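Here is what TrEMBL records for this protein:
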type	residues	note
TRANSMEM	A:12-30	transmembrane segment
TRANSMEM	A:50-68	transmembrane segment
TRANSMEM	A:75-98	transmembrane segment
TRANSMEM	A:110-128	transmembrane segment
TRANSMEM	A:140-161	transmembrane segment
TRANSMEM	A:181-204	transmembrane segment
DOMAIN	A:181-376	domain 'ABC transmembrane type-1'
TRANSMEM	A:216-246	transmembrane segment
TRANSMEM	A:252-272	transmembrane segment
TRANSMEM	A:327-351	transmembrane segment
TRANSMEM	A:357-379	transmembrane segment
Amino acid sequence: MPSSTGLPNRVIPVLALAAFVLVWLLNLGVVQPNRIVAGTGYGLFDATGWFGAGTVSSLLLVVVVLATKPIRNRFWVLSFLLTAALMSLPLLLEVFALRKLPADSAYARIGIGAGFWCLAFFLALMLLETLSQLKASRRVQLSVVLLVAAGWWLCAAREGLSSLSLIREYANRADQFSQALTVHLSLSLGAVAISAVLAFGLALAMVRRERLRRPLLGLVSFMQTIPSLALFGLLIAPLGALSAAFPALQALGIRGIGWAPALLALIAYSLLPMVRNTYVALMEVPEAVVDAGRGMGMSERQVFLQVKLPVALPVIIEGVRITTIQAIGLTAVAALIGAGGFGTFIFQGLGQAAMDLVLLGALPTVCLALAADAILSALKFQETPR
Amino acid sequence: MIELKGVTRRFGEAVAVDNIDLTIETGEVCVLVGSSGCGKSTTLRMINRLLPRTSGQILVDGEDINKADPEALRLNMGYAIQSTGLFPHWTVARNIGVVPTLLKWPAQKRDERVTELLALLGLDPETDARKYPHQLSGGQAQRVGVARALAGDPNILLMDEPFGALDAITRESLQQEMLRIQRQLNKTTVFVTHDIDEALKLASRIAVMDQGRIIQHDTPEAILRRPASAFVENLIGKGDRGLKLLALRTVSGLMERHPEPRHPEPVTDSLNESDSLRIALSLMLWNNTEKLPVLDASGAEVGIVNREQLLKVGA
């Protein structure tokens, strides 16, 4: 009897063929004489020669064949193959650098082309599809992600990739990078933590007093509608005035620009998803469950702590998850008012037309958001009865 | 013993329960029956103080319930409701153990009690105990609900249409379980239902309610034989009350007992001692016979029921 895994898979061949076409059509990489001048692009064959182009093409063709033929354990083979390919993907850039980077120029560097990104993206999609076909557990999924991350980490540390523009930008700013990471994390997570406490209090007040619901939800919704840049800007004047009036605040580092207005704005934005989810979660605890708890002799406190809160927890965590992802993204914008974080690199890069510096800010921001998503999803999964 | 004296409950202008008097003796099953909105659930919820009463007195064993701490009062009253109200984030075992935990029983005593109750309600102490409520069927969930109500070994059981949402077959089997458990435990029970057949089957006494008042409070047989008003007559159904009357009694009370149990003759049909007279009549009609043998649990013939006598019961 043919099992579902025995049927030809349609998703993977389509993705592999799309990757095949794109990687041959688009530039794999760019050689720049220095960090600002636009460079010359190279396609897959020019960039990596027979060996590189052959390896990539045959890998994609093998994937197509494996996905369509009813071979036993093919999804295990595929996931193994795709993980290995993704892990070692930066080696393509190393081959490219070896072949095309002018040896005499100290400023020359290589940039990553659209072809490379497409290849990485489609490989990742195919890997996702194989893992879902295998019904891989969270643990397996997490190990795959860690393996790929470790592969890229090892590749980035190799001498051969030191000419990669992104890595040069990083090397110039290694200290600033770790500082940006600290600032970015403490700003976004601090805002989430503070607004979680506030939101919990507000939601509780709304649950207890129905009258408060409309004005409170209206207020937090209104704050969400202010454009983020405007809110960051709007806070400069009042905080500046406060700081000027009270030297004690100044000593704490609270000024019109910097972390203080950024934190306030982030908290303001985090309140809506947090308050809404917490309120809805608490309100949607089935009346019968609460009634049963009371009827069996639980005190109001026991009903809340042992019944309402745990039943509501998955939805509350979902609110924290959405808020955290949003706050990590918004913190990047907060760099505009001098709050620091990865946004600093993005705005510097935009100002200097150095796209790889923009990437140096954008990529870690995305990674942080994905990591937060993964951790909080796992936590929510843990708390949901199955 | 539970006594309600002149109890009234108003919701704003509306009167849900109107000056009722009701005495529920220790160990009896009092079924409050009536159409929806007649005040039966409100009455039940006033007994464990989930709803405060507007006026009147409710006494449990002679003590006014308003003098006791409401939580302590409820811990001594098992509570089962139609939608079960099982805690979705707890396993079956933990759900059943709620009241023992609240009563701070030692863990071992609590676990033994949970196992005992799972067995009593026909659930598997091994596999079912570890399940979560959403993995149970409706009937299983309701069994857990009843087990949870019994867990703290309360003196009083309050049940608010516990079998109302179940299909006919599951409801029937749970009613049988209730009867069996009640014979074993003898809890003072207040049971709310809108189903008169359920009431006739389970009750020692029935209180028929309409518009917040108790219309009639009597044994099932008396209610069937002497309905107090047209409303009660309608509720029990004029047409088949003879059959309902037969359903109240078992064949063991009516049969001519043999001096010695004997080996049954291989006839087409026979009765069990616990079968109702209604079933006996039905089987006689089906087999077109005057007499049916009655077997005991071991399969030995212990007596004979004959149609002549059976038909006199209704008179």
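The backbone N, Cα and C atoms fix where each Cβ goes, and this holds for glycine too.
All annotation found in TrEMBL is predicted automatically rather than curated by experts.
Note: the stretches the transmembrane segment (A:327-351) and the transmembrane segment (A:75-98) are not in contact (fewer than 3 CB pairs below 8 A, sequence gap of 6 or more). With a threshold of 8 Å between CB atoms, the same-chain residues lying at least 6 positions outside the transmembrane segment (A:50-68) that come near it are 8-9, 12-13, 16-17, 19-20, 23-24, 44, 74, 77-78, 81-82, 85, 92, 95-96, 119, 126.
Highlighted: of the candidate stretches A:75-98, A:140-161, A:252-272, A:252-272 has the greatest count of Cβ pairs under 8 Å to the transmembrane segment (A:181-204).
Most Cβ pairs under 8 Å with the transmembrane segment (A:110-128) belong to A:12-30, among the candidate stretches A:12-30, A:75-98, A:140-161, A:252-272.
Proximity of distant same-chain residues to the transmembrane segment (A:75-98), defined by a Cβ-Cβ separation under 8 Å and at least 6 residues beyond the stretch ends, is recorded for 5, 12, 28-29, 42, 47-49, 51-52, 56, 59, 62-63, 66-67, 110, 112, 116, 119-120, 123-124, 126-127, 130-131, 133-134, 136, 144, 147-148, 150-152, 155-156, 158, 160-161, 163-164. Same-chain neighbours of the transmembrane segment (A:12-30): 38-45, 47-48, 56-57, 60-61, 63-64, 67-68, 78, 92-93, 96, 100, 110-116, 118-119, 122-123, 125-126, 129-130, counting only residues six or more beyond its ends whose CB sits under 8 Å from a CB of the stretch.
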